[in-house]
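All remarks here apply to the structure that follows.
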Amino acid sequence: MSREKKHADLLQFDGAVNAMTHPQAPPRAYATVPHDYGVSPAPDDMHTEQLINTSRAIREAVAVLSAAGVASPRVDAEILTAHVLGLPRSKLALAPDLDPARAGRLRDLVAARARRVPLQHLTGVAPFHHVEVAVGPGVFVPRPETELLVEWGLGALSGAVLFSPVVVDLCSGSGAIALAVAAARPAATVYAVERDPAALEWLRRNASGSNVRVVAGDVTDPGVLADLDGTVDLVLCNPPYVPAGTPVPPEVAGFDPYPAVFSGEDGLDLIRDLAPRVARLLRPGGWFGVEHDDTHGEAVPALLRAEGRFEAIADHRDLAGRPRFATAQRLRTHVTDSSS
């Protein structure tokens, strides 16, 4: 199977999993979409003339999105319709007809989605695990398969019977991983590390009011979180990992920041640099989980073994059966840090 086909399949899988795992995510009503994609403002009041049947509007939207090659046209059409109406997607069967202004707004949103503007940019939010994060230009849109990494991490914490664990989310982006862990483990101390200024704006916005501590810095810099060295219970990371030159879907190529997606010729540049930094952060027996490209099922575990301070190294598959993330435990016995 070609890499382009694999990434197209993954996009379709993302849409299907999102529909399956977030069927009733609460809507966010916006006066306008967060960014100008040629979408008209929402009306201030409802009009009663020339109402348009909602089911018909959805069918027409599905046809437009299907013709544009969108991977999950039905799901996207329903989510956009629910967004316009300010309803949960699960309530669409009982939704009122669309007045002309809202019907026009839906057409604009569908047209933008047909231009492959990410669905999450149009609604302004991305559901992730049991939280929602605000997203838009300048930040990577979190994917449903990354929830598997979060679930693994939460399981590792539960298995260690830690009441107030210290957790670090590296390459945090929107903060999805950090916020999901913080929501599931309110007593945890959670740090989210990000260096990109645009992504940091989204991270700070999402972390506002939570117990997530935002840290601006390079995840490979030994000075970042140096005061935590040897004390962290869990490090999770969804780094850039796609090999340079790999064909990716239009939603990725046109809207996700390049540095958040690609990482050198083989996609492993950042993960190579991360391994020794993570080994210093973790306490003996602490856990590390890192997402990777589906071609890295052997390479990333090999990198962790070569680092010399990890054990219990394993690779995990996503719901489509593809290699998706690697995990390891910090050795409980002392090993000299030759990289410091």
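Backbone N, Cα and C define each Cβ position, glycine as well.
TrEMBL entries are annotated by machine, without manual review.
Feature annotations, courtesy of TrEMBL:
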BINDING   Glu194, Asn238  S-adenosyl-L-methionine binding site
BINDING   Asn238, Pro239, Pro240, Tyr241  substrate binding site
DOMAIN    57-124  domain 'Release factor glutamine methyltransferase N-terminal'
DOMAIN    164-242  domain 'Methyltransferase small'
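Remark: Pro240 (substrate binding site) has Cys171, Pro259, Ala260, Val261, Phe262, Ser263, Gly267, Leu270 as non-local neighbours, by Cβ distance under 8 Å and separation of at least 6 in sequence. Reduced to three states, the DSSP call for Glu194 (S-adenosyl-L-methionine binding site) is strand.
Other than Asn238, Pro239, Pro240, Tyr241, the residues of this chain whose Cβ falls within 8 Å of the Cβ centroid of the substrate site are, in sequence order, Cys171, Cys237, Ala260, Val261, Ser263, Leu270, Ile271, Val290, Glu291, His292. Glu194 (S-adenosyl-L-methionine binding site) counts 28 other C-beta atoms within 10 Å of its own C-beta, drawing on all protein chains shown. Residue counts for the domain 'Methyltransferase small' (164-242) under DSSP (helix as H, G, I; strand as E, B; rest coil) come to 23 helix, 23 strand, 33 coil.
When averaged over the domain 'Release factor glutamine methyltransferase N-terminal' (57-124), pLDDT in the model lands at 96.
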